[in-house]
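According to Swiss-Prot, the protein carries these features:
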BINDING   12-18, 40-42, ARG304, 330-332, 412-414  GTP binding site
ACT_SITE  ASP13  active site, proton acceptor
BINDING   ASP13, GLY40  Mg(2+) binding site
BINDING   ASP13, GLU14, GLY15, LYS16, ASN38, ALA39, GLY40, HIS41, THR128, ARG142, GLN223, THR238, ARG302  IMP binding site
ACT_SITE  HIS41  active site, proton donor
BINDING   THR298, THR299, THR300, GLY301, ARG302, PRO303, ARG304  substrate binding site
Amino acid sequence: MTSVVVVGTQWGDEGKGKITDFLSADAEVIARYQGGDNAGHTIVIDGKKFKLHLIPSGIFFPQKISVIGNGVVVNPKSLVKELAYLHDEGVTTDNLRISDRAHVILPYHIQLDQLQEDAKGDNKIGTTIKGIGPAYMDKAARVGIRIADLLDKDIFAERLRINLAEKNRLFEKMYDSTPLDFDAIFEEYYAYGQEIKQYVTDTSVILNDALDAGKRVLFEGAQGVMLDIDQGTYPFVTSSNPVAGGVTIGSGVGPSKINKVVGVCKAYTSRVGDGPFPTELFDEVGERIREVGHEYGTTTGRPRRVGWFDSVVMRHSRRVSGITNLSLNSIDVLSGLDTVKICVAYDLDGKRIDYYPASLEQLKRCKPIYEELPGWQEDITGVRSLDELPENARNYVRRVGELVGVRISTFSVGPGREQTNILESVWASI
């Protein structure tokens, strides 16, 4: 029984897809356990970029099983489009498995997402308008439609009719918006269900059988700990639990079967959308990091907010997700800066604190306390070991590990597979 969970430790976009792809080489099953197509991950293989939103990064290994777990909310339209994209690129999807218990995102979820966001005005959350929140709302309200329901023509029609009638009343009476047509949705989405039917199964059985047989299973989280609905910067969060604990609920695997948790972070911090960001940069340094790091959302294309590395955030993520190993990405983006900064604590009303406040009002008053380190000018994209890094870059990597309190297993100096350097094998340490 060998399993590893990969989680983002910041606000998403840390390079989880890259690290999942890297760790997938030694895994036999790769599974997603939460989120939906609001998440985007980019994998670079032989210089070619692949952008995925729903399908796990392990799909590029045809001999390995890729699982979309029950905790994921699935937009069938997006999934069918993503499958076609992979097929056009010559990638087989015969190794994909989709949980019959996963909930379905339908057009009324997306319309409601947009209407709710518009109604918030200046208090908007910055949602991707993918229908994720409303789909999870229906799930919690016990009126959601699952993949198993989508495949049953009569059940799907019955539940869609009930749900759509309720949503249309909401659209017309509360939002003065156009109602949606039952026939159009039913025909389109039932057809999508038939297209994905071959992949649908009880994925909990697949995952538990694999673990019981001693196979290596890799769990891939979406978004990041700071977007977790319980542990993140609420309400500027996603609607699911990206933390490692989400694996047990979102995949149907018990907590006793989790061995290691790899936290993925960048050598700086980024965030898409609204919400607290204590180390955010608004100057030319921030603009430089954004451009060099290509900090634009995979899903939205929106420019990401960027800032210095925040060890307060990282220690919070370590605690609530039980992180055992750290993967540090994008060190190369900081090359060329005379000075690099790391936030080591916050100043809250004149008092030094080293924890991340739950209160948004307190967070607004938090000022980062920085430790400054000398930068490096060298191009490090060709570095293949820690010793090859310039001394100042090496010191930066070590200091990050010290402040977070977790051993760094890998560091990356670029987006390619070959640019991920191993300091300690996660699989071998189990």
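Note: Cβ is positioned from N, Cα and C throughout, glycine not excepted.
Quick caveat, the model's predicted, so the values are computed rather than measured.
Features recorded in Swiss-Prot, as mapped to the structure shown.
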residue	record	DSSP class
GLY15	GTP binding site	coil
ASN38	IMP binding site	coil
THR128	IMP binding site	coil
GLN223	IMP binding site	coil
GLY301	substrate binding site	coil
ILE331	GTP binding site	helix
VAL413	GTP binding site	coil
Cα proximity to GLN223 (IMP binding site), best match among binding-site residues GLY12, GLY15, GLY40: GLY12
GLN223 (IMP binding site): tally of other CB atoms within 10 A of its CB: 28
From recorded positions ASP13, GLY40, HIS41, PRO303, the one whose Cα lies nearest THR128 (IMP binding site): GLY40
Least buried by Cβ count (within 10 Å) of the binding-site residues GLY12, GLY15, GLY40, GLY301, PRO303: GLY301
Nearest of the binding-site residues (GLY15, THR300, PRO303, VAL413) to ASN38 (IMP binding site), judged by Cα-Cα distance: THR300
When distances run from the Cα of GLY301 (substrate binding site) to each of the binding-site residues GLY15, LYS18, ILE331, VAL413, the nearest one: GLY15
Distance check against ASP13 (active site, proton acceptor) for the recorded positions GLY40, HIS41, THR300, ARG302, PRO303, keeping those with Cα within 10 Å: GLY40, HIS41
Closest of GLY40, HIS41, VAL413 to ARG302 (IMP binding site), Cα positions, recorded positions only: GLY40
